[in-house]
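Copied over from TrEMBL, here are the features:
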- 41-128: repeat 'Solcar' (REPEAT)
- 144-232: repeat 'Solcar' (REPEAT)
- 247-346: repeat 'Solcar' (REPEAT)
Amino acid sequence: MASEDVVGKSRGDTAVNTIVNLAEEAKLAREGVKGPGHQVLTVCKSLFAGGVAGGLSRTAVAPLERLKILLQVQNPHSIKYNGTVQGLKYIWRTEGLRGLFKGNGTNCARIVPNSAVKFFSYEQASRGVLYLYRQQTGDENAQLTPVLRLGAGACAGIIAMSATYPMDMVRGRITVQTDKSPYQYRGMFHALGTVYREEGFRALYRGWLPSVIGVVPYVGLNFAVYESLKDWILQTNAFGLADNNELHVVTRLGCGAVAGTIGQTVAYPLDVVRRRMQMVGWNHAASIITGEGKEALQYNGMIDAFRKTVRHEGFGALYKGLVPNSVKVVPSIAIAFVTYEAVKDVLGVEMRID
């Protein structure tokens, strides 16, 4: 009988605790305070929005992405791709439609988590930087400056790049493969396993240093220019583009295009060098890298890669593939920013950082 009383009391306490918890959650909801469950859901929504933005924006410009990499890494003694139009026509003629999108699946497998982490990290870094800035200045109404946005964007770029770099490394190799390559990677996981087995773990991070150095101005400027341009237009109604404190989709696309152009132009030489470093040690490299009967250049680090590239091909080699990359980056960055904001808006995620 006593045990039944204990069980009954335990059940009663559990029921009371449940009612109390529900009442507390209801109270928090009425007061506008978000519980842990809501915060987790918001994080998931933000990551999802970033992933969708990355996948959509890269797929839209996949042919130009592949051509850019081919132009960057082709052997200077055996030129097959000579410009944007000729290069795209050559790929179409020799490999067909699939050739234009070769490596895009691997690229999306990399860019979806990369973009998700990048956008989310930028928002978190921005909040942290803004908090420290307000503490330092003593101004609770202070807002992010372009320099602070640049720093937050740089942090986000480093985190996202480091987290997904091995996938970027093998993506570069898969992208330059042709049907005539002596050895074919069958996909991202096969490529990761093959590189690890034949070249070691360090090979998966070959070219990481110039990538990180390049991502600081590239991602940092993308976010800083995009956000600062939007704020400037909203505050000044420049060119009459602000409508009821809102920006039209076309205006936001324009802001993204400007941001992408500036960021990629500054960081592009580092992108060329990292791609070339990623090809070092590939025993079954495609002929586009080795040339016809020629040996591919070997690089002993980032500085050596810069020096040999300029010595053998001139300073202009550091900007090989810039034209297709510009045609690619401008719409890609613009689409990514606008898609991210649109998906967050649809999912009901708070947009402003304060």
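Here the Cβ of each residue, glycine as well, is placed from N, Cα and C on the backbone.
Nobody curates TrEMBL annotations by hand; they come from automatic prediction.
Broken down by DSSP into helix, strand and coil, the repeat 'Solcar' (247-346) contains 77 helix, 1 strand, 22 coil.
Helix, strand and coil content of the repeat 'Solcar' (144-232), in residues and according to DSSP, is 73 helix, 0 strand, 16 coil. Each residue in the repeat 'Solcar' (41-128) gets a DSSP state, and the totals come to 74 helix, 0 strand, 14 coil.
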